[in-house]
Amino acid sequence: MEIKEEPCRIKDEETEEQTDEVGNEASSQTEETFNSRKAGAKGPFICCECGKSYKKNSDLTRHMRFHTGERLLTCTECGKSYTEKGKLVSHMRIHTGERPYACSQCGKSFRYKNVLKEHLLSHTRGKPLSCDQCDKTFVYASNLSTHLKVHSGLKPHCCSFCGKSFSRLENLRIHQSVHTGVKPHVCSDCGRSFSSSSHLKKHQRIHTGEKPYQCSHCERAFISSGSLKYHQKVHTGEQQYQ
């Protein structure tokens, strides 16, 4: 399959699964937001266009391609563009149907390496740690500990702006973006900004075409766990479609 280059084009496409990921995340960036980001920079290399900071100059250079319109690698099948060859190669598997990562235990194959790693857990170990308050189980003790806060009502992380408390620090940080307007996690493909790295990661699957959540009953795969759970109702009989 041929790979060609063309000037960067910002696309505004919606798919049936994008709505679940993007939600109501705003992409506007004000001067106040830029100043806030610069003041709380996590790295010494700061983008002068949007305020995003990086620990390495090479990461900043790659990010700047979005602003400068530097030539990108483009998929000849659908026209989507990428700044890195690896992302384009992963995306092209959607068109070719290639599944290069095979499970040595059962032979099942996957498009992405991280999906194979997740699948291997089903063979190597179960979920031995159980919550004594409900029927949920966990692989890691840290995840169980975090979950138990839901039952205990413990919320040690308090918002300094409004006093609202949260059981997890990450949830507090996401909440505080409502007060500060700061959304430091910027998509290098389209420039959209998000309050948390997890939201950005989910959004970027729109660009890469990655669908890590695969149905165990059929071959369909989804961008988010929420979309997968909704789909699985077809198999479990919880919801009937007309």
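Glycine residues also receive a Cβ, built from the backbone N, Cα and C atoms like all the rest.
Record features, source TrEMBL:
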- 1-37: region 'Disordered' (REGION)
- 1-12: compositional bias 'Basic and acidic residues' (COMPBIAS)
- 13-23: compositional bias 'Acidic residues' (COMPBIAS)
- 45-72: domain 'C2H2-type' (DOMAIN)
- 73-100: domain 'C2H2-type' (DOMAIN)
- 101-128: domain 'C2H2-type' (DOMAIN)
- 129-156: domain 'C2H2-type' (DOMAIN)
- 157-184: domain 'C2H2-type' (DOMAIN)
- 185-212: domain 'C2H2-type' (DOMAIN)
- 213-240: domain 'C2H2-type' (DOMAIN)
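Just going by CB pairs under 8 A, the stretch in 45-72, 73-100, 129-156 that sits most against the domain 'C2H2-type' (185-212) is 73-100. Applying DSSP to the domain 'C2H2-type' (73-100) sorts its residues as follows: 12 helix, 5 strand, 11 coil. Counting residues per DSSP class in helix, strand and coil order gives 12 helix, 4 strand, 12 coil for the domain 'C2H2-type' (157-184).
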